[in-house]
Amino acid sequence: MLRIIFLLSLLFALSNAYVQDFCVANLKRAETPAGYPCIRPIHVKAKDFVFSLGTPGNTTNIISAAVTPGFSAQFPGLNGLGLSTARLDLAPKGVIPMHTHPGASEVLFVLDGYITAGFVSSANSVYVQTLKPGQVMVFPQGLLHFQINAGKSAAAAFVTFSSASPGLQILDFALFANSLPTELISATTFLDPALVKKLKGVLGGTG
């Protein structure tokens, strides 16, 4: 009988557990799989819930693109909410190569310019659309997708992820920016070994 009373009391306590409105990240503490520890509510300020993505990123690189993150480490008010955000900048001919976010779906809102974006379903169906300012496109969790500047001027977009840790794997880098042997890549992708070596040279891979 005592065991039953104890279990019922525990269930009642759990069902009435205090749920915090928010958990602003304490960036002085180490991040855990569940996020950052919370700072005390009395120390929370309105500015903790505000973050600027107004400054374009540096697109002087091999892909002529930049991603400015707004994750918990940069935007403490997002901690514990299961969300993250970022700014995407694409110079003319800029591209975010085919990639995937294993842990989140993505919503992209075009701010400036024209962006051709698309994704490939698990059934290998392709969904591609050229987006103009004000348009939004969603990329389902885990599916390969990309963004390309479709105009002659710079393009910019905001993205939001359905997870604090969406993860990222860029297909080109996964294949050609590491030490995976050329012969294995050639055998599994049907690419000519000479082309594989060329791409490894471009992206800094070995093997």
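One is the number of the first residue shown, and numbering goes on along the chain from there.
Cβ coordinates come from backbone N, Cα and C, glycine included.
Keep in mind that TrEMBL annotations are predicted by a computer and have not been checked by a curator.
Note that the coordinates shown come from a computational prediction; the quantities given were computed from them, not determined experimentally.
Taking the Cβ of Glu106 (Mn(2+) binding site) as centre and 10 Å as the limit, one finds 23 other Cβ atoms among all the protein chains shown. Taken from TrEMBL, the feature Mn(2+) binding site covers His99, His101, Glu106, His145.
Residues or ranges marked as oxalate binding site by TrEMBL: His101, Glu106. Using a 10 Å radius centred on the Cβ of His101 (Mn(2+) binding site) and all shown protein chains, the other Cβ atoms total 23.
Summarising the annotation, TrEMBL assigns disulfide bond to Cys23-Cys38. The Cβ of Cys38 (disulfide bond) has Gln20, Cys23, Val24, Ala25, Asn26, Asn79, Gly80 as same-chain neighbours under 8 Å, each 6 or more residues away in sequence.
Per TrEMBL, the feature domain 'Cupin type-1' maps to 51-197.
Annotation source TrEMBL lists signal peptide at 1-17.
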Using DSSP, tally how many residues of the domain 'Cupin type-1' (51-197) sit in helix, strand and coil.
-> 22 helix, 57 strand, 68 coil
Including all protein chains displayed, how many Cβ atoms other than that of His145 (Mn(2+) binding site) lie within 10 Å of its Cβ?
-> 22
